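Taking it in order: structure first as structure tokens, then the write-up.
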Amino acid sequence: MQHLVIRRPDDWHLHLRDGGMLRGVIADTSRHFARAIIMPNLVPPVVTSADAATYRERILAAIPAGHRFEPLMTLYLTEGTDPDDVEEGFRSGLVKAVKLYPAGATTNSSSGVRDIDKAMPVLERMAEVGVPLCVHGEVTTADVDIFDREAVFIETVLDPLRRRLPDLRITMEHVTTKDGVDYIREHAVNLAGSITTHHLIINRNAILVGGIKPHYYCLPVAKREMHRLALREAAISGDVRFFLGTDSAPHVDPLKECACGCAGIYTSINSLSCLAHVFEEEGALDRLEAFTSLNGPAWYGLPPNEETITLRKQEEPVGYPAKIETEAGPVTVFDPMFPLYWTVIEA
């Protein structure tokens, strides 16, 4: 197959940052994606509907002329989040979800939840109203190995929360383990999972073998090969509970290439080329549209996009920049470690 026409995709987990970084990266998403769930972990974080409204205006102002893109706003859950504000923001159409960051789990998560019981009033209201909860599914206690954080989170936090609030709709974001895939499949009600582009391609060897490679370091960290294969199987399965959330997360190179580098991989610019490669490799190009364009909208109660894009397979590898320049500084682009032949020719 040399051409593939799919509905215009959406990204159900995206970091745009703010200021000069926002202005430097947004075009790589808005060029091909119609909508994206925008992560709220700014400094300071997006904790109220008013915060979300002003951040949304900054995003809209940064979208290049001619690009049609809708940012879908989220709130950063804290132990003091106001249930009334969440409900009002959701009912107004501004707020699409609330994000749970366990404190210390990832970039700018220090304001996150340390005691889930203290967030129960807002979680109970969300269950009543139908507001989705997006979770960064890792525990952060020092006694848990970093490669086990997701599995332990499922057992000690997610499963008890779902039993306590069975009506709460939960997105387990950036699933990285077979444990996560299996848990979603075994619990069909009010639970879904997003999968990143890079976790379909790299395992932990990419970070550690032959020297430490900071541009493959992300959180949740890439796991063993068995987990990568489980993610691939889930992504290509057509199962409506799994959909694309790139977790594209730009950091300037000096903050990655240092003694204590930031977690995050920038994939917005070449995600669709990478995904077409993966799905072709798995003999599943006919299911790429479900993963990128259909399953996510169905989960979030939105219609799929009417517009389409066309992917074409070239005879020669497709070029993409090794870095992009932003007002904040240079950002290294994800290198999948294989040539890419698929490119978007219409959007």
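Counting begins at 1 with the first residue displayed.
Keep in mind that glycine also has a Cβ here, set from the backbone N, Cα and C atoms.
According to Swiss-Prot, the protein carries these features:
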type	residues	note
BINDING	HIS13, HIS15, LYS99, ASP247	Zn(2+) 1 binding site
BINDING	HIS15, LEU16, ARG17, ASN41, HIS136, LEU219, HIS251, ALA263	substrate binding site
MOD_RES	LYS99	N6-carboxylysine
BINDING	LYS99, HIS136, HIS174	Zn(2+) 2 binding site
ACT_SITE	ASP247	active site
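A map of Swiss-Prot features onto the structure.
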{"residue": "HIS13", "record": "Zn(2+) 1 binding site", "CB count, 10 Å": "26"}
{"residue": "LEU16", "record": "substrate binding site", "CB count, 10 Å": "25"}
{"residue": "ARG17", "record": "substrate binding site", "CB count, 10 Å": "25"}
{"residue": "ASN41", "record": "substrate binding site", "CB count, 10 Å": "23"}
{"residue": "LYS99", "record": "Zn(2+) 1 binding site", "CB count, 10 Å": "25"}
{"residue": "HIS136", "record": "substrate binding site", "CB count, 10 Å": "25"}
{"residue": "HIS174", "record": "Zn(2+) 2 binding site", "CB count, 10 Å": "28"}
{"residue": "LEU219", "record": "substrate binding site", "CB count, 10 Å": "20"}
{"residue": "ASP247", "record": "Zn(2+) 1 binding site", "CB count, 10 Å": "27"}
{"residue": "ALA263", "record": "substrate binding site", "CB count, 10 Å": "16"}
In the chain carrying HIS15 (Zn(2+) 1 binding site), residues 6 or more apart in sequence that have Cβ under 8 angstroms from it: ILE38, MET39, ASN41, ASP247, SER248, ALA249, PRO250, GLY264
Taking only the CA atoms, the spacing between LYS99 (Zn(2+) 1 binding site) and HIS251 (substrate binding site), expressed in whole angstrom, is 21
State, in Å as a whole number, the widest CA to CA span among the substrate-binding residues HIS15, LEU16, ARG17, ASN41, HIS136, LEU219, HIS251, ALA263 given in the record. 19
Closest of HIS136, HIS251, ALA263 to HIS13 (Zn(2+) 1 binding site), Cα positions, binding-site residues only: HIS136
ALA263 (substrate binding site) -> DSSP, reduced to three states, gives coil
Using DSSP and three states only, what is LEU219 (substrate binding site)? coil
Sequence-ordered binding-site residues within 10 Å (Cα) of HIS174 (Zn(2+) 2 binding site), taken from ARG17, HIS136, LEU219, are HIS136, LEU219
May I ask you to report the DSSP-based helix, strand or coil state of HIS13 (Zn(2+) 1 binding site)? strand
Could you say whether, by DSSP, HIS174 (Zn(2+) 2 binding site) belongs to a helix, a strand or a coil region? coil
DSSP-derived class (H/G/I helix, E/B strand, else coil) of HIS251 (substrate binding site): coil
Reduced DSSP state (H/G/I helix, E/B strand, rest coil) at ASN41 (substrate binding site) is coil
Cβ atoms other than its own within 10 Å of the Cβ of HIS251 (substrate binding site), all chains, total 25
Within 8 Å of the Cβ centre of HIS13, HIS15, LYS99, ASP247, which other residues of the chain have their Cβ, at the recorded Zn(2+) 1 site? LEU14, ILE37, MET39, ASN41, CYS134, GLU173, HIS174, GLY245, ALA249
